[in-house]
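*Asks:* Grabbed the feature section from Swiss-Prot, which reads as follows:
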DOMAIN    31-122  domain '2Fe-2S ferredoxin-type'
BINDING   C82, C87, C90, C102  [2Fe-2S] cluster binding site
DOMAIN    164-194  domain '4Fe-4S ferredoxin-type'
BINDING   C174, C177, C180, C241  [4Fe-4S] cluster binding site
BINDING   C184, C231, C237  [3Fe-4S] cluster binding site
BINDING   W189  ubiquinone binding site
Amino acid sequence: MVFRAGIGRIGLIRGLATQAAEVSATRYKSFKIYRWNPDTPAEKPRMQEYKVDLNKCGPMVLDALIKIKNEQDPTLTFRRSCREGICGSCAMNIGGRNTLACLCKIDQAENKDVKIYPLPHMYVVKDLVPDLTNFYKQYKSIQPYLQKASKPADGREHLQSIADRKKLDGLYECILCACCSTACPSYWWNNEQYLGPAVLMQAYRWMVDSRDGAGAGRREQLQNAMSVYRCHTIMNCTRTCPKGLNPGKAIAEIKKALAFA
């Protein structure tokens, strides 16, 4: 029995040594990244390849981008801030899907390239940085703040029941990363007039807030052919949302509110 136990320990040690050797070996992964520099407008956009050792890199795509920028190419440009899916800064198209680089895990298969582009159908500032000027202008247009004609008689904050507060769940969590809007074909075709899934979900968030007193005006603002009705329920918005929200459902609720107002 002692002999067998000894053999077991030797086997365990050999197994651990083998695992350590495997971990210490380099595992290079190819990242092909969209590059464009406005300072050299004559040069066309291109895909540039970088190799990253996965054994010396964090698990997320943003970790790889930061490693590339710090160690290989300081000219690589992208947005990032919180690194935990809260700010929405690092939204980009990874492997054909709009998502947040800080929440997107690196595929560990070394034979599969990771292709990274800026959010689609947006003007590009540089490399992976989209121009969100129009997106934020549209967000501003819905007046995303509490509007009340009068203050509470007792001077306190506007109270809200638990049931009314629950109506905001699945709406207020939006981080305005623009993943959903830039995945929407209707927004690609009409982004100057169609507000897009992200902005419309926020419009609905204020429409159903029991503390707000501008519901009629908010509905009237959306009562036209372009603001809401360009949504054709393709539902790319819901599929791509990195926060697991459902902009498509919010837009459907707006249409119902306008139809039965």
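The backbone N, Cα and C atoms fix where each Cβ goes, and this holds for glycine too.
Could you tell me the structural context for the features on the list?
*Replies:* Residue environment of C82 ([2Fe-2S] cluster binding site) contains 13 other Cβ atoms, counted within 10 Å of its Cβ in all protein chains. According to its DSSP assignment, C82 ([2Fe-2S] cluster binding site) is coil.
Outside the domain '4Fe-4S ferredoxin-type' (164-194), and at least 6 residues removed from its termini, the chain residues within Cβ reach (under 8 Å) are 85-89, 91, 98-100, 119-122, 130, 132, 134-135, 139, 201-202, 204-205, 208-210, 226-227, 230-232, 234, 236-243, 245-247, 250.
Under 8 Å, Cβ to Cβ, and six or more positions away along its own chain, C177 ([4Fe-4S] cluster binding site) finds G88, S89, A91, L100, A198, P242.
Secondary structure from DSSP puts C184 ([3Fe-4S] cluster binding site) in coil.
Other Cβ atoms within 10 Å of the Cβ of W189 (ubiquinone binding site), summed over all protein chains shown, number 12.
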*Asks:* Counting only other Cβ atoms and using a 10 Å cut-off, which of the binding-site residues C90, C102, C174, C180, C237 scores lowest?
*Replies:* C174
*Asks:* Let me know the most crowded of the binding-site residues, choosing from C87, C184, C231, C241 and counting other Cβ atoms within 10 Å.
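*Replies:* Of the binding-site residues C87, C184, C231, C241, the highest Cβ count within 10 Å belongs to C184.
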*Asks:* Expressed to the nearest Å, what is the distance separating C82 ([2Fe-2S] cluster binding site) and C237 ([3Fe-4S] cluster binding site) at their Cα atoms?
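*Replies:* So the Cα of C237 ([3Fe-4S] cluster binding site) lies 23 Å away from that of C82 ([2Fe-2S] cluster binding site).
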